[in-house]
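Undergrad: Sharing a structure with you now.
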Amino acid sequence: KGTIHLFRKSQKSLIGKLTHEFRLVAADRRSWKILLFGAINLICIGFLLMWCSSTNSIALTAYTYLTIFDLFSLITCLISYWVMMKKPSPVYSFGFERFEVLAVFASTVLAQLGALFILKESAERFLEQPEIHTGRLLVGTFVALFFNLFTMLSIRNKPFAYVSEAASTSWLQEHVADLSRSICGIIPGLSSIFLPRMNPFVLIDIAGALALCITYMLIEINNYFAVDTASAIAIALMTFGTMYPMSVYSGKVLLQTTPPHVIGQLDKLLREVSTLDGVLEVRNEHFWTLGFGTLAGSVHVRIRRDANEQMVLAHVTNRLYTLVSTLTVQIFKDDWIRPTLSSVPIANNILNLSEHHVIPMPPLKAADNLNPVTSTPAKPSSPPPEFAFDTPGKNVSPVILLNTQTRPYGLAFNHGSTPYSNVLNQGFGVPGMGATQGFRTGFTNIPSRYGTNTRGQPRP
């Protein structure tokens, strides 16, 4: 049974925790501006939704979704301020920077879902096109355009600003960039505005407003209501094409992948680390983007047994810290093992050749006119065949002869060698052949008959 705490405070609920964190953010004066724009954004969204219902325009609804996306971007900016106030905790040892990455990913994905919803509604309207009322269509367009541009240019949204620059360009930006090069070729003074590429959020706001203006004029002139559906599809495609690269980039950050633009720099730094004094190997390296502009990583470094761990750690950290702000380095010394010599004692008589000069060999089939080695007619004047199928060296297990001058390999002793010319001149006799025709060997004290000693006497 545990201890009963009578005056212990109850745990806060989720709503209580969110309220506490909101008060923490609201205490900062920088967040008051964002809260004010958020309140105005909610009012504008309410009016725009009412005007979308009264005009029955799906193109204005698609453009209103961009204003809702502006509300998500303001919430992301508040989360960015909250992340800067929070410090790393035991649960979140790397800090809270991934929350703003998650906020950007969620905002862009919701914008794409809204675009898919517009595409679905537009496909249904092509079957039965309703009548569009243009009374408040142009007013809603300019109200949404003014508020979107004012919000994007007045508030510095650090997460979305970083993503818009780091992510790949959208198809809308590429087409506008091609058009801008042609315009800047005629008017060079506009290069600072249109080049190298425009802000994707400002670009989609202007393009959507231009599509709505064309829709208003065509409906007023020719009552061509289908152009409203076409404009809605165009705005939805532009929204999807603009948000998709940002979703991919923030999704890769959430998946802890290595940014492609820093792989070359990381390889260069790792090569420099591997050449440091005392470093033998760099392995198990993993680097990922912790937040927008923050790179984290871990690496294992194997060093020599006599190297100074603290010195190597300081040098490795100093090299990698220029690119990796949050770094974990694990140092471990080399764990190689010296090869141990054989501890089995060797008998003294094994190295004595005089006691082991007799080689027991199996009996060979004797014949008058046959060579006992190849079973072919013997030719005393010709050398023995080297590739015989019934030779003793082929079918009999080898016998190793040791003397006092030869040493077994692997015991770190010097061993002698026999000159090649002497090997060719020495013979190993077999029955029926004599000394002139025999096997090549390096021993001269071998008798010409098996089972006899050096004096020719039968051996017991």
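Each residue, glycine too, has its Cβ placed from N, Cα and C.
Below are the features I grabbed from TrEMBL:
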- 32-51: transmembrane segment (TRANSMEM)
- 35-255: domain 'Cation efflux protein transmembrane' (DOMAIN)
- 63-84: transmembrane segment (TRANSMEM)
- 96-117: transmembrane segment (TRANSMEM)
- 137-155: transmembrane segment (TRANSMEM)
- 201-219: transmembrane segment (TRANSMEM)
- 225-244: transmembrane segment (TRANSMEM)
- 441-460: region 'Disordered' (REGION)
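Quick one: where do these features end up spatially?
TA: With a cut-off of 8 Å between Cβ atoms, the residues of this chain six or more beyond the transmembrane segment (137-155) that come close are 33-34, 37, 40-41, 44, 47-48, 51-52, 55, 57, 60, 63-64, 66-67, 70, 73-74, 77, 199, 201-202, 205-206, 208-209, 212-213, 215-216, 219.
Non-local neighbours of the transmembrane segment (201-219) in the same chain are 57, 59-60, 62-63, 66, 132, 134, 137-138, 141-142, 144-145, 148-149, 152-153, 160, 164, 172-173, 176, 225, 227-228, 231, 234-235, 238-239, 242; each lies 6+ residues outside the stretch with a CB under 8 Å from one of its CB atoms.
Cβ atoms under 8 Å from those of the transmembrane segment (225-244) belong to residues 57-59, 61-63, 65-66, 108-109, 111-112, 114-116, 118-119, 121-122, 125-126, 129-132, 170-173, 200-201, 203-204, 207-208, 211-212, 214-215, 218-219 of the same chain, restricted to positions at least 6 beyond its ends.
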